[in-house]
Amino acid sequence: MPHSTAPGPMRPEEVDEDDILPDAPQQVSDHTKEEGKTDMTDSASQSEDSTSEAPRIDVKVEDLFDDADDDEEDEFSGSRVLNPGNESSPPEAPLPCAQSAKYTDPEVMLAFYQRLFPFRYLYQWLNHSMKPSNDFGHREFAFTLQNDAYLRYQSFPTGDLLRREILRLNPSRFEIGPVYTANPRDRKTLRKSTAFRPMAKELVFDIDLTDYDEIRTCCNKANICHKCWSFVTMAIKVVDAALREDFGFQHIMWVYSGRRGAHAWISDKRARNMDDQKRKALAGYLEVIKGGAQSGKKVNVKRPLHPHLARSLDILREHFQRDILEDQDPWAEPEKAERLLRLLPDKVLNDSLRKKWDAAPGRSSVSKWADIDALAKTGASKTLDGRALLEAKQDIVLEYTYPRLDVEVSKKKIHLLKSPFVIHPGTGRVCVPIDTKRLAKFDPLGVPTVTELLGEIDAFDGQTTEESDVKKTQDYEKTGLRPYVEYFRTYVAGLLREEKGVKRERETGNAMEF
Amino acid sequence: MIRQDYNRIDPKRRSAIDYKKKQFAVPTYKQQDYPHRLSLYETPPTAEITLEQFEQWAIDRLRVLAEIEACSFRNKTPAETAAHVTPLLQKWLPLHSNTSSSVGSQDENLKLERQKDHYSHFILRLAFSSTEDLRRRFARIESALFKLRFQNDDAKERQTFVESLQFDWEVVSEEEKRALGADLLNATPGMKRQDAEEAGWFKVDFEMVAELVEGRRVFLKAGKAYVPVREQMSMVLAGFNARLDKGLELAARALPRLDEDDRLTPILVHLSKNFATPDSTLSDSDSALPGAPINPSSIDPLSQHFPLCMRNLQMTLRKNSHLKHFGRLQYTLFLKGIGLTLEDCLIFWRQAFKLITDDTFNKEYRYNIRHAYGDVGGDAIRRGRGYSPFSCQKILTEHPPGSGESHGCPYRHFSVDNLTTLLQTTGVSDRDVLRGVKEDVEKKRFHIACNRVFEWAHKGDIKRVKEDDSWGAAELDTIVHPNTYFKRSYLLKTGGAAAVKGDEMEI
Ligand SMILES: [Zn+2]
């Protein structure tokens with residue numbers, strides 16, 4: 001009689017709810033180590049209570065195994081400071097900007113939140129309306145405090161209340177999660193766990209240059225330069241085109257992740273409402289580069305090329321010539337050239353290429369790429385299949401240029417992603433939106449750091465003698481953050497305009513049924 | 001896997017149950033008619049049935065679902081699955097077409113079959129709606145069953161059924177078809193130019209054909225998917241899944257109200273207990289090997305008994321003195337499963353990570369390993385035993401390795417060339433075996449490939465235990481768990497006669 005002898009599932013009261021991890025704080029940084037993305041897979045139902053006094057930490061075994069060592073140790077890990085403002089209320093007077101301070105100083109962070117962070121537009125962006133609604137009120141925020149404690153399931157009725165709490169806690173960064181079916185703060189009081197589910201979230205994408213380490217030659221790990229930033233530029237172009245043309249999305253915002261990548265946030269209603277299965281489908285549609293360290297050829301696409309791939313190839317071809325062959329020069333050394341040969345189909349042709357390249361050490365990737373067609377034309381191989389060669393070359397272009405997305409981030413509604421405009425703890429740079437109309441001009445190394453910005457406010461205030469001018473001008477307008485905030489404002493206005501239209505349409509549509 | 005336990009509920013408990021019961025939906029006492037063989041199960045049943053029928057029908061359906069899940073677990077192809085399941089369907093859950101009877105859907109037998117199908121689906125929907133995990137598994141198997149039946153349906157009846165569904169499908173005009181030209185053709189694999197021009201095309205929201213979108217097998221423009229008529233299957237399936245997902249959520253919300261109905265609850269609980277989670281069944285006693293020298297320094301010699309996935313991790317670990325995130329997780333749980341104690345496991349990893357300081361190790365890794373053993377951690381529900389070692393299914397389907405990662409299943413995640421090299425490095429030199437593995441892998445039968453290598457490597461010992469009858473057939477059944485692989489290999493090579501109890505665990 002299995003039903004009477006089998007051990008029953010653990011009853012709720014047997015569960016040790018107060019399971020605070022004694023040695024957790026040093027582990028939690030793993031959560032957010034990778035550019036602020038967090039795997040919260042099915043943690044909603046087994047979460048810690050983050051609203052209590054002591055910060056509790058939500059730990060999942062897979063998170064704990066996150067690679068601290070694969071990611072260059074974040075600079076801030078050695079300088080953990082307990083936040084002195086933690087218990088006090090927000091200061092009344094504007095904080096001095098403390099120009100000499102380091103960006104990891106809590107006062108610097110607090111001044112940034114107080115004077116520069118665009119809470120108003122962030123609220124409108126997430127709320128899709130000026131009027132308070134559940135789109136914002138039931139939205140999860142997660143804070144990483146200065147002592148690295150991690151608070152999940154924070155929620156706020158309005159943007160102003162979010163601002164106040166951020167000024168009180170002064171987190172080193174924070175993340176945005178889904179809109180839940182109920183207020184995240186109430187989740188423990190709900191009778192049924194099924195009553196608390198993620199309901200909607202922006203569709204998000206994550207591009208991280210560390211995923212390009214096997215093909216970028218200029219830098220590795222957390223380092224970037226202008227040469228390798230072009231990988232991100234290419235990725236944005238390809239993904240943005242597919243999202244707009246194929247999926248019909250219009251409200252797409254790209255955000256610099258503060259160091260070595262970019263995030264996309266898609267706010268179209270249709271995108272926000274997609275369930276995980278549809279998110280997975282969309283991610284699969286975009287995913288081309290597949291396989292681990294041992295999987296060999298990483299691009300295996302069908303012919304004829306799907307229109308999405310044909311279009312991507314058109315976008316990427318010129319980048320391949322300039323950004324890959326010239327700037328990355330990926331096949332300069334003989335052993336790297338072997339990698340190229342392994343991706344080509346004809347053994348005889350490969351032999352003659354190898355011979356030619358052995359005779360000319362240091363031959364550039366540009367020349368080597370040109371050699372392929374040149375030798376093929378001379379009839380170096382009798383067995384050569386021209387079509388197979390062409391397709392192999394297309395695959396190589398894709399392998400070296402096509403976006404390498406971290407698709408896991410896109411597949412789940414419940415994933416949290418670092419908020420735009422927070423400060424990257426490793427670089428001090430602001431996670432600013434990227435204007436895709438000026439994509440080529442975007443310079444990640446020129447993005448303002450928090451200390452620069454605070455210095456600009458001081459400089460402005462010092463130069464302007466008229467007291468009234470200082471008052472009239474908003475702080476962000478005094479700084480290099482201005483174009484980014486203005487871009488965000490315009491973008492959000494467009495989103496709100498459309499939401500309003502959608503809503504009105506729905507309301508009148510309903511009215512006609514009666 | 002679903003355990004093969006189809007006992008009806010204990011009669012003593014049954015006495016507490018009324019002989020007759022009302023249905024769980026609002027009773028309207030209306031007999032439903034079933035014009036089609038197939039159903040998207042949109043309307044809950046409303047007529048009365050006996051409690052015996054209630055339970056027996058559910059159990060019969062469960063038998064079929066268990067077999068379908070077993071097939072997917074063993075990576076059987078759709079054709080193999082159909083061959084295996086069809087006779088069972090005939091026996092437990094037959095569903096004949098209208099053409100099988102002279103009076104069509106008015107035939108009383110047909111009505112009864114369809115009623116049983118309808119009711120059993122809804123009963124199990126209720127029984128398996130309690131947790132997200134059960135709901136997901138139930139939806140996956142039901143979807144496979146529906147697909148199987150849809151494909152075997154009489155073509156004409158299928159068409160009538162599809163037309164009855166009233167999906168939101170817009171026909172693509174000739175003009176638009178011409179304007180799109182080659183794009184339609186190029187986006188749709190297997191479509192010939194002439195067919196593309198002549199065939200009918202539908203325009204639907206891309207969300208409706210998620211499966212086609214994911215495989216990049218459909219043309220997309222401005223949020224619409226352009227689907228050829230022949231892909232209707234995929235759309236109907238999407239419609240089926242969407243309705244089922246919604247229905248399961250509704251059922252989950254209805255459950256608390258049922259708690260008060262003490263006639264149904266014991267049956268439903270009994271049914272869902274037969275649907276145990278695959279990973280939870282490998283207990284310590286199943287995998288521990290009494291007397292075997294399992295300690296940090298014995299892992300290297302013991303790794304000859306490891307399946308290729310773990311062997312690869314061990315070799316990579318020795319080569320790089322490091323493993324990435326999922327590699328550590330997969331390997332730690334495996335080592336735990338073979339009986340390495342937490343203390344020994346900590347020593348093992350500390351020694352293996354030669355390039356880091358004690359301080360770094362304690363800071364970055366120690367906690368993780370303890371967590372995997374259930375020694376610490378916030379996940380109180382799983383505390384006590386920690387996490388289960390990963391099954392093949394989990395390794396095959398979750399978290400495929402990305403750049404520079406070594407976890408996963410080499411049969412699935414390696415290129416054939418790299419797989420062959422790895423096999424040769426581990427001593428698999430037989431050309432027939434390597435060729436067989438290559439064919440298995442091409443057919444995506446990764447289990448079969450792994451079992452093939454096992455059988456080759458142990459052929460002498462297998463012959464011996466078969467001949468002296470010390471091992472039964474069940475003990476030599478297909479391996480579907482890395483820890484089973486290890487245990488069986490170890491016992492065979494060391495001449496252990498003990499029954500491999502762990503092998504009975506999940507099937
Ligand atoms: Zn670089």
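Each Cβ is built from the backbone N, Cα and C atoms, and glycine gets one as well.
Annotations in TrEMBL come from automatic prediction, not curation.
As written in TrEMBL, here are the features:
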type    : residues                       : note
DOMAIN  : B:303-486                      : domain 'DNA primase large subunit C-terminal'
BINDING : B:C309, B:C392, B:C409, B:C450 : [4Fe-4S] cluster binding site
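Feature map: TrEMBL annotations on the structure.
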{"residue": "B:C309", "record": "[4Fe-4S] cluster binding site", "CB count, 10 Å": "26"}
{"residue": "B:C392", "record": "[4Fe-4S] cluster binding site", "CB count, 10 Å": "26"}
{"residue": "B:C409", "record": "[4Fe-4S] cluster binding site", "CB count, 10 Å": "25"}
{"residue": "B:C450", "record": "[4Fe-4S] cluster binding site", "CB count, 10 Å": "25"}
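Mean pLDDT for the domain 'DNA primase large subunit C-terminal' (B:303-486) in the predicted structure: 87. In sequence order, B:P307, B:L308, B:I395, B:L396, B:P410, B:Y411, B:R412, B:F446, B:H447, B:P482 are the residues of the same chain, not among B:C309, B:C392, B:C409, B:C450, whose CB sits within 8 A of the CB centroid for the [4Fe-4S] cluster site. For the recorded site, B:C409 ([4Fe-4S] cluster binding site), the DSSP three-state label reads coil. Under the three-state DSSP scheme, B:C309 ([4Fe-4S] cluster binding site) falls in the helix class. Mapped onto three states, the DSSP output places B:C450 ([4Fe-4S] cluster binding site) in helix.
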